[in-house]
Amino acid sequence: MIGAGSWGTALATVARRAGRATSIWGRDEDTAAAINTRNENPKYLPGIDLPEGIEATTDLAEALDGAGAVLLVTPSRTLREISMKMKPHLGPDVPVALCAKGIEAGTGYLLSEVAAEILTDHRIGALSGPTFATETALGHLTAATIAFQFSYADRLDPPSSPAARLALSLGSDFFRPYISDDLVGVEVSGAVKNVIAIACGMMTGAGYAENTRAALIVRGMDEMKTLADVFGGRRETVTGLAGAGDLTLTCSSQTSRNMSLGVQLGKGIPRAHCFDGKPVVVEGEVNSVSVMDLARRMNIRMPICEAVFRILHQGADVRETFAEFWSRPIEGERRGLSILIDHPNAMPTEARL
Ligand SMILES: NC(=O)C1=CN([C@@H]2O[C@H](COP(=O)(O)OP(=O)(O)OC[C@H]3O[C@@H](n4cnc5c(N)ncnc54)[C@H](OP(=O)(O)O)[C@@H]3O)[C@@H](O)[C@H]2O)C=CC1
Ligand SMILES: O=C(CO)COP(=O)(O)O
């Protein structure tokens, strides 16, 4: 595992419970020492007993030495930097599964494109799904998708594909991996669902109710499908674990940092005071910029992501923005159904709550 945060540590427990020799790399000496000496990551998973035998180090070469597979688990914005640092130390043909959720700012690249540009001799895939780190580390039953594009040889012999081999290595009584060859669908779903979770949080915090949240989840899934379509991802992936599964999880619980940020902002707490002012990884916040950038470049409508972007990055008001969202022209539920009618009965914003 490259990354000793909450998800990297939880994935180390998955690998260890599946019986794998497991190393974890992080840049913080104290965290590495605590994992090695008392089987705990007090900074990110305090109070959770990790299985015996996870070896933590701050030396990247040591962590990667002899690795049969690598899970890259640092935040999306660090992916390019970490891939470059890993490159000299990776053994030949070692597959790399990306576990961050996002799209690179500026380039608009999926994270697998970024990694493939640097780690040219390695198969790059992703592990994603409805997986809160704390629950996974505690051993609650969890399922996830492991996706790598399939080569010709993989199709001839699926069990020897990197996705299948990694799934076999990580699967246990606690952790059930599913195999996919739709890397694009998995990655797009993971990047967009965090933005939608912020939207659900904002609406919840602002006092809207369950009907509203359910509508946002499903219309958010439509935005995921549309973006996935453009890049050749499959709709059934978007309705699978890494799409609908993760969207449902993160839009339903304030264990999600994305949902929680939205709730705080919806209640009117200024951004600087959210999470008591502590720095917290909220992928949907940074990724709302790259998602909207992609949507504009590819000329597709993603109104929920756009609302979140405007609130987070352009100072728009939560209630006004979602009131506008609700009174947009009436449209077909399915995008192919080409119909757009002006809303004749739109209420003024203040009458909506
Ligand atoms: N937590 C979860 O439930 C899940 C998270 N994910 C995804 O996993 C990714 C990582 O998130 P998560 O583990 O939760 O985040 P955390 O905040 O828990 O941990 C982040 C980790 O990344 C390290 N880090 C940050 N910047 C750098 C850098 N420049 N170089 C090296 N290490 C760095 C931090 O180190 P330090 O402590 O030294 O700052 C820390 O170990 C995200 O994309 C997230 O969406 C996916 C599924 C579940
Ligand atoms: O991706 C996650 C669960 O699958 C974690 O969600 P948050 O990053 O919002 O906490």
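Yeah, the Cβs are placed from backbone N, Cα and C, and that goes for glycine too.
Bear in mind that TrEMBL entries carry predicted annotations, made automatically and left uncurated.
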According to TrEMBL, Gly129, Thr131, Lys193, Asp246, Ser256, Arg257, Asn258 bind sn-glycerol 3-phosphate; which of Lys87, Lys101, Lys225 is also listed for that site?
Lys101
Which has the fewest other CB atoms in a 10 Å radius around its CB: Asp246, Glu283, the listed binding-site residues?
Glu283
In whole Å, how far does the CA atom of Thr131 (sn-glycerol 3-phosphate binding site) lie from that of Arg257 (NAD(+) binding site)?
13
Could you tell me the mean pLDDT over the domain 'Glycerol-3-phosphate dehydrogenase NAD-dependent C-terminal' (182-321), as a whole number?
97
Just the binding-site residues from Gly5, Trp7, Gly8, Arg27, Ala133, Lys193 whose C-beta lies under 6 Å from any atom of ligand 2, please, or none if there are none.
none
Which one is it: of the binding-site residues Gly3, Gly5, Gly8, Gly129, which Cβ has the fewest other Cβ atoms within 10 Å in this structure?
Gly5
